[in-house]
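For reference, TrEMBL has these:
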- 388-415: coiled coil (COILED)
- 465-477: compositional bias 'Polar residues' (COMPBIAS)
- 755-766: compositional bias 'Basic and acidic residues' (COMPBIAS)
- 231-330: domain 'PH' (DOMAIN)
- 453-500: region 'Disordered' (REGION)
- 755-783: region 'Disordered' (REGION)
- 855-877: region 'Disordered' (REGION)
- 48-80: repeat 'ANK' (REPEAT)
- 81-113: repeat 'ANK' (REPEAT)
- 176-208: repeat 'ANK' (REPEAT)
Amino acid sequence: MEELEPEEQFLQYARNGDLPGIQRLLMSTIKEETHININCKGKKKSNLGWTPLHLACYFGHKDVVEELLKAGADVNLPNNIGDTPLHKAAFTGRKEVVMLLLHYDACATVINGTAQIPKDVTQNPEIRSMLEAAERTEERKLEEELLDAARDGDLSTLTQLLSRKKPPDINCTDLLGNTPLHSAAYRGQKQCALKLLKSGASPNIKNKNGKTNQPKLAITTGSFSLLFDSKKKYEGLLLKSSRFFGWRSCWVVLQDGVLSWYPKQSDAAANVRRQGCKSLTHAQCLVTKDSCFFTLKCFDDSVHHFKVSPKKDPEAARKAWLDALEEHSAYSTHYCSQEQGSEEEEEVMSLGELTNSLQHVSIMIRSVSTELESPTVLPLCTVRSLKLEQEVEKNKILSEALQTLATEHHELEQSVVKGSSPRSALSEDEFHDAVSESDSEFSLSGFETVASHSFEEDEDEGSVMLSSPCSSPTSMLQEDHHGDEEEAQPNGITKHRTSLPAPMFSRNDFSIWSILRNCIGMELSKITMPVIFNEPLSFLQRLTEYMEHTYLIHQAITSSDSIERMKCVAAFAVSAVASQWERTGKPFNPLLGETFELVRDDLGFRLISEQVSHHPPVSAFHAEGLKQDFVFHGSIYPKLKFWGKSVEAEPKGIITLELPKYNEAYTWTNPTCCVHNIIVGQLWIEQYGNVEVINHRTGEKCCLNFKPCGLFGKELHKVEGYILDKSKKKMCALYGKWTECLYVVDHAAFESHKKNDKKVAEERKSSKAGCSEGQEEVPTPAADTVQMIPGSQLLWRIAPRPPNSTQMYSFTSFAMQLNELHKEMEGAIPQTDCRLRPDIRAMENGDIDLASEEKKRLEEKQRATRKNRSKSDEEWKTRWFQQGQNPHTSSQDWLFCGGYWDRKYSQLPDIY
């Protein structure tokens, strides 16, 4: 029989409970005769990802478990699906092993890949009771640490505890009923008290003596002293880092929760030539080992770097600045949170506190009145009033100039476009559709939230796509593509529709400038866009368009070679963004708790998705093969960057595809989407960035480059990349366009073709030297189709759109079928399903006025629900997904809990 490697032998001994064998191998490791990692993980099918401790716990070998723990085995190390040894012992009902693991500090609150902690996997009531007691012990231990840190003023430990994934109860109490806030107040630990208040500690909780005055005087009235103390300016000379000029000296002023900087002290005194300012609401200070250096991170994610002078005690100077910034941040955060929550909360104050506050305010008013009447203040008021008038006039002139420019540009475009086909050039109004990829759920629907969903969709399921090379009319249709079969579907559909109930409205009479010109000075997130810019789909339905090319997954499953499977998965990742082509309408943003399901027998899958978060907006989905042959899941949320002339949306969230037949998992993220010419000009979109598809079992990767269009649009829509084995050797090359097709070819042939192509391009460039070249505003590709390299194999080609697509929001056939609702379905789907949204249904039926009214009603209803939930301290709980660790990437993800397809929809929220 073949002799096993030492680590595999070690795993086998643990599995079989062979204590002498375990001891022998451990002793040989101590003597350095062999090298064994006590936390090694199995590589065979029978023990894949399991450590020796996992195996011994699962099979109940207590003596082996004890020996491994004594030798230093990691008691909380998860296996490949997130289970710890405690999960395994609890699952198999090993009571003595569970007690032993808890004795060695096993954590009873670790969440595995199916969002379960150890007590959730056991059927033994005694073990469940033990684990619940262990949970309470762990929680109480953390609470004691929090109380100690508050008493001792240990700010670093306090911050670390409050930053945990599952922090201790911030309002926990000791034996006397004192909370951490009481403890910090009694001991005069001001920084700890501020940190606790900013983290949500309640100043109104009474201890067992019924006292709240001391903490209130120390902190809540201390908040009065804090707020009034903060009016005392803190200023001084600092070095500030600039992207272009490096470190430059400036005079920095802290006043009323605002950080400002000026070239000189005299400028600050006269309040002129201010170079910049930042509100310190929710600001954070970061330090490094350099005693002079510190970083300020503001609420809008902007980062500013400062240095104190190294000449005179830099550590003390830096600490003084950090303390001042912390106090001003608390001041600004306190007032901002009060203003935002003023409609939702009512703060109860004692009569004595109210009297003291009124007296203090009266004194301050008299003081300010005296200062205002002083002769030195009046000239300053006059100067500022004059400056304000000048700025208003300047703003008016610029607004009129921009409006004139936009109008002229629009008229010029219309004169050029008259002779063009609708798909060859988009009007400026079509550009507005893409710009309005905004938030309809939150009443802030502007460019920032555009990115929140619609630009996010550009990365995932498609949003705006301007003129791009049309697919060849002879595009290949795959065998089981789009089911028009007559088979009965589980959701009640017998045959899918081929058009919408009503065609789309023309957007030519609507202009984005008419909205923007009335919003000068407003935040982008406060701009509300009209419903005319929407398309009759929810973002959850837009996500489902990922599944249009499911046949590629089935091709991967039938391939026995891992490289062939990678080709199919890579093609599936590229095809997912193809539905964005020419889609200028934005989907409706889902309401919190909204769901969507789709069952397709003809394509062999079923899918459920849910809007799991409101701020930030996160949509989670889970699809699985009807034959249990694949699982496809992920959660999508974008990060928006506004560059003035363009909006860039960087997608956040991991996409995971699992093939159980081969025990393989593939993960990737989507490319970045950029929408150009936001203010003036014809809108155009490009996808760019690197997408890395990883096979976590074999180590093989597919590195795809979605190429930026370049100066003259030569690279527009192009995708190129290689498939690499685990040693990073190139196996083959992929090329094509995400709007059209994807090919695979030998990497040597691809590189040779690239070199020849480059030579031809250089020759053309030299032949045109000296000729005048007019750059087009919107890049157009050199050819309408991909130039095929000899020896290439077609992996995927986009199917042609239906003839009525232009009148139906440029929908694909698959997209037209997503929102259809038959009477048979109404009793099967839950009340939170997108198909039941009245605003989407009204728009699909062509009733724009009703759609607008319903959209507004739903937004107001959601705000009212959120306000009521806040007043009752009720937390929102997702129904079908839970946040947990992705078992393949170890990153946070939203994982499907199961139970949806049981069709037991009780206690669902009333969101419509």
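Every residue, even glycine, has its Cβ placed from backbone N, Cα and C.
Quantities reported herein were computed from a predicted structural model and do not represent experimental measurements.
Remote same-chain partners of the repeat 'ANK' (48-80), defined as residues 6 or more beyond its termini with a Cβ less than 8 Å from a stretch Cβ, comprise 10-11, 13-19, 22-23, 26, 38-42, 86, 88-89, 91-92, 94, 96-97, 100-101, 104-107, 110, 112, 663, 885, 887. In terms of DSSP helix, strand and coil, the repeat 'ANK' (81-113) has 16 helix, 0 strand, 17 coil. For the region 'Disordered' (855-877), residue counts in helix, strand and coil come to 17 helix, 0 strand, 6 coil, using DSSP.
Looking only at the coiled coil (388-415), the predicted model's pLDDT averages out at 62.
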